[in-house]
Amino acid sequence: MEIFKLLRKDRKMLFLMFIGTVSFLFIFIPFLKFQMIGSSHKINAYPSLSAVCGLLLGPIYGFFAVMLVTLIYFFLNPKAFYFGIYSLIPPTLAVISAGALSEGKWKYSAIILIVGLLLFYLTDVGRVAFYYPYLSTLALLLILIFREKISKLLFSKDWKKMIVGATILSFSSVMTDHLYGSILGIVYLHLPAEDYISVIPLFIKERLIMTVIGAFFVIFAIEISKCFLKNATKLKEKLLKSYIDKEIKINCKNMLNVDEELLKKYNVKIPSEEEQKEILKTLVEVVVFNNDKDENR
């Protein structure tokens, strides 16, 4: 179950999550910086936060959160943004990619990376340092291989599967940010191919560190949400109702293709929407009860 997608349906929870994420971004962004290639500027590790931001808020609200924080920092200290206003592009695309991927909409994440790779190879630097974005290519391959399974891995009970899902989510968002940042370095700062080639060992280390940090935040957010939901009875009931309503709507659409004459012939009755809701509610409650029972053993 996509916990955060359901949580966002509650306006109060959405507001709290949005404010909490924005505050978290403000606190974390000034720390953990890396030297930028071909420049005296330093890169801070905000790409580590793209995955958890996209996970918590989704692609749309995550986009607005990152945009808000980045714009405020831009107006406070524009010199720190070495690509000018275009510095907004990498983090926003990274959080959109992470948000889409966490909801099982892997095609959007794949498209963002494919477009970035095409843009990179259209440049002179891309044709010379053609092997430079191989980690971004690896991220794309992971998305194409795992697809919607990434979302399922994230919310798996098996902690090993959760780590795999969190790592893929973090790695793909970090490499999306890196790819578009590299393109801006070519277009905006006119960095030569030699700079990109010479820095390959350094950026591998940087991005892997960011991936690990990002995966940690993702796992932490999921575990905290599970503990919270376990003890929030009213919210759990509201989310359960929302989930059931969604499932019933899908089932009702599928039932439009049922042959009514065939049902009458064999005296088969399809339960009403309310009856289906009660049945599904009972089943979900039994499953939740058994899960809680197993965890307490």
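Even glycines carry a Cβ here, placed using N, Cα and C.
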Among ranges 163-183, 184-204, whichever one Swiss-Prot labels transmembrane segment: 163-183
Listed stretch, out of 81-101, 163-183, 208-228, that has the most CB pairs under 8 angstroms to the transmembrane segment (135-155): 163-183
Beyond the flanks of the transmembrane segment (55-75) by at least 6 residues, Cβ under 8 Å: 4-5, 8, 14, 17-18, 20-22, 25-26, 29, 81, 85, 87-88, 91-92, 95-100, 102-103, 105, 108, 154, 169, 218, 221-222
Long-range Cβ neighbours of the transmembrane segment (81-101) (under 8 Å; 6 or more residues past either end): 36, 39, 41, 46-47, 50-51, 53-55, 57-60, 62-63, 65-67, 70-71, 73-74, 107-109, 112-113, 116, 143, 150-151, 168-170, 172-174, 176-178, 180-181, 184-185, 188-189
